[in-house]
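Here the structure comes first, spelled out in structure tokens, and everything after it is commentary.
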Amino acid sequence: MGLWDSLLNWLRSLFFKQEMELSLVGLQNAGKTSLVNAIATGGYSEDMIPTVGFNMRKVVKGNVTIKLWDLGGQRRFRTMWERYCRGVSAIV
């Protein structure tokens, strides 16, 4: 690998992240888990149970790895939302 290839790869790494973390927050029954399943499998199911606490799922799309934090929407879990939103690439 030449100097120019190394430089180009370094520049790409600055602008095109290979890994990203997303936190999904919202009220209960808003569809957060359904969105995670749609991203991961492309499917949808009406038979969902409420998320207790949180679920984490890693999804690989092309050359990007996405770590999805699905956070429970019930009032008792909302205090932990901030903990799972710190340092992520995006909050949905």
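Just so you know, glycine gets a Cβ as well, placed from its N, Cα and C.
Given the structure is predicted, the values throughout are model-derived calculations rather than measurements.
GTP binding, as stated in TrEMBL, involves GLY26, LEU27, GLN28, ASN29, ALA30, GLY31, LYS32, THR33; the candidate among GLY72, GLY73 given for that site is GLY73.
For the binding-site residues GLN28, THR33, THR51, the largest tally of other C-beta atoms within 10 A is found at THR33.
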